[in-house]
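Chemist: One structure, pasted below without further comment.
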Amino acid sequence: MSDSKEPRVQQLGLLEEDPTTSGIRLFPRDFQFQQIHGHKSSTGCLGHGALVLQLLSFTLLAGVLVAILVQVSKVPSSLSQEQSEQDAIYQNLTQLKAAVGELSEKSKLQEIYQELTQLKAAVGELPEKSKLQEIYQELTQLKAAVGELPEKSKLQEIYQELTQLKAAVGELPEKSKLQEIYQELTRLKAAVGELPEKSKLQEIYQELTQLKAALGKLPDQSKQQQIYQELTDLKTAFERLCRHCPKDWTFFQGNCYFMSNSQRNWHNSVTACQEVRAQLVVIKSAEEQNFLQLQTSRSNRFSWMGLSDLNQEGTWQWVDGSPLSPSFQRYWNSGEPNNSGNEDCAEFSGSGWNDNRCDVDNYWICKKPTVCFRDE
């Protein structure tokens with residue numbers, strides 16, 4: 001028994017500590033015991049590593065689940081917002097439908113119908129402006145022509161035309177206006193019957209002016225057309241007697257205008273107009289200015305007028321000796337007249353007037369009053 005125990009004690013005595021390590025180290029003699037102890041230590045380390053990996057996996061999984069839950073929680077909020085917007089749209093459509101439904105009510109339609117009826121009636125009472133303007137022009141031309149007619153046989157023809165005009169006016173419905181026109185025509189007829197004297201012609205001129213004013217107030221369109229036809233016939237009768245202006249001249253408000261097709265300086269243009277018993281144009285009214293400006297701008301021609309400051313610099317005067325009216329200053333183009341390089345004569349330029357040197361060649365415009373021109 002003692003022999004068997006002693007070797008064990010000796011084997012145990014062989015164990016020694018290695019002072020350089022924190023664990024127990026076995027020498028080669030105890031190799032078998034060292035191997036068993038190392039196996040247990042590595043097994044413990046592996047167990048701890050697996051536990052750490054599992055914890056990391058659970059953490060990641062929990063993070064993913066939280067993210068999914070956050071996204072899912074947002075869906076009901078978005079759906080709720082869309083639902084509220086749809087409810088608001090539906091409510092607006094409901095109100096709009098109710099408002100539209102009220103538009104078709106009979107009372108509303110009747111109100112609209114009444115408004116349209118009143119508008120239609122008002123429009124129906126308006127005179128036909130183009131016809132009245134044409135009548136005005138016809139009367140203006142007639143007035144100018146009557147002033148030059150001395151022959152009694154021709155005046156009898158006028159008398160007949162005016163008699164027909166009186167009969168047509170006599171059928172018009174508005175009594176107060178018709179009485180006024182009838183009186184005017186009666187005096188006109190009496191004046192025409194005595195025509196040869198110049199004073200009588202002036203009286204006819206006045207009567208026609210008053211008749212023109214009275215005709216401008218007539219509302220009945222059918223009667224206006226009848227009067228218009230009578231005046232057309234009267235115009236035709238006058239045109240058989242004479243022309244208002246010579247060939248190649250243009251008639252406007254009792255005057256004849258010649259727009260040249262060649263060019264001369266200002267002084268020679270004055271002479272050219274005098275040679276045809278006319279005058280380099282002198283403008284007397286805004287209507288005449290607009291008419292002439294339109295003619296020159298359409299043809300895109302710079303044209304002389306009878307205006308200059310040759311007598312005194314800065315004092316503009318027409319060729320008939322009359323001064324330039326202050327109200328006509330607005331017709332100068334912007335910055336004109338500027339007297340740049342002795343510019344003493346006026347021309348039509350673009351949409352207004354310009355001062356230019358008098359020795360420049362331009363087109364020119366002559367003017368003279370209407371007379372009776374017979375065809376040879």
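Heads up, the Cβ atoms here are built off N, Cα and C, so glycines get one too.
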Chemist: Choose one of CYS242, CYS256: the cysteine that Swiss-Prot connects to CYS245 by a disulfide bond.
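Modeler: Checking Swiss-Prot: disulfide partner of CYS245 resolves to CYS256.
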Chemist: Which residue in the list CYS45, CYS242, CYS273 does Swiss-Prot annotate as forming a disulfide bond with CYS366?
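Modeler: Looking through CYS45, CYS242, CYS273, the record in Swiss-Prot gives CYS273 as the partner of CYS366.
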Chemist: Could you tell me the mean pLDDT the prediction assigns to the domain 'C-type lectin' (251-367)?
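Modeler: Taking every residue of the domain 'C-type lectin' (251-367) together, the mean pLDDT is 96.
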Chemist: For the domain 'C-type lectin' (251-367), give the DSSP counts of helix residues, strand residues and coil residues.
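Modeler: When I sort the residues of the domain 'C-type lectin' (251-367) into the three classes, I find 30 helix, 36 strand, 51 coil.
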Chemist: If you draw a 10 Å sphere around the Cβ of ASN338 (N-linked glycosylation site), how many other Cβ atoms fall inside it, taking every protein chain shown into account?
Modeler: 11
